[in-house]
Amino acid sequence: MLQSMMPRGVVARESHSDVDAPLHPREAAQIAKAVPKRQAEYATVRYLARDALGELGIGDAVLVKGEGGGVDWPRNVVGALTHCDGYRGAVVGYRMGVRTIGIDAEPHLPLPDKVLPSVSVESEREVLAARPEDGLHWDRLLFCAKEATYKAWNPITGRWLGFEDAEITFELGARTDDAAEGTFHSRILIDGKATDGGAPVASFDGRWRIVDGLIVTSIAVV
């Protein structure tokens, strides 16, 4: 699923379970104090990322966390990782072909009570409240799109982006009884000055898909 949401030149890998994958000592040190579940997620997404990097001709990359929570990718590479219950995903591409990538995955379930106000702006809540009941959990989709937005934003600006710093609107595309997909637009509400030598960031356009109880969102700026 994830590969079909990516532009040409971006390599995606995904798994619905963890793998017993070795870590580089620097990676292992970062996750040493985490619970076993978190360690397994951390190792699996790095296994997937290394496999994807291999398709780009890059081997044995050390994928430690950098500033902002994202991965310190190899030189001239951009990428993103995500994991949730029952899903792990990684995407990578050369910077010459894609400026930034953001992905996120979430279970297709409602957000817990009282979470929505802390992850949305008023205009988004108004739109959600006006939507007819259609079986789609738009609140969770909103959260998922905000996470992908941050992952695309931070590598090219070097700054934090709060949930209140982007306004997201959705378009519904194809829909079946057990799946749906569409697009979204993230309007950035703060100064979008970039640090990667590119143009300031005013907005991102992304894709979303819901299938098999899973939400996946993606942004790729080419």
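Each residue, glycine too, has its Cβ placed from N, Cα and C.
Note: TrEMBL annotation is automatic and uncurated.
Listed ranges 1-23, 24-46, 47-69; the one TrEMBL annotates as region 'Disordered' is 1-23. Residues R38, R46, T82, H83, D104, E147, K151 are recorded by TrEMBL as CoA binders, and the candidate that the same record lists for that site, out of L136, L161, is L161. With helix defined as DSSP H, G or I and strand as E or B, the compositional bias 'Basic and acidic residues' (11-23) counts 0 helix, 5 strand, 8 coil. Ranking the binding-site residues R46, H83, K151 by how many other Cβ atoms lie within 10 angstroms of each Cβ puts H83 at the bottom.
Restricting the binding-site residues R46, T82, H83, L161 to those with a CA within 10 Å of the CA of A105 (Mg(2+) binding site) leaves T82, H83, listed by sequence position.
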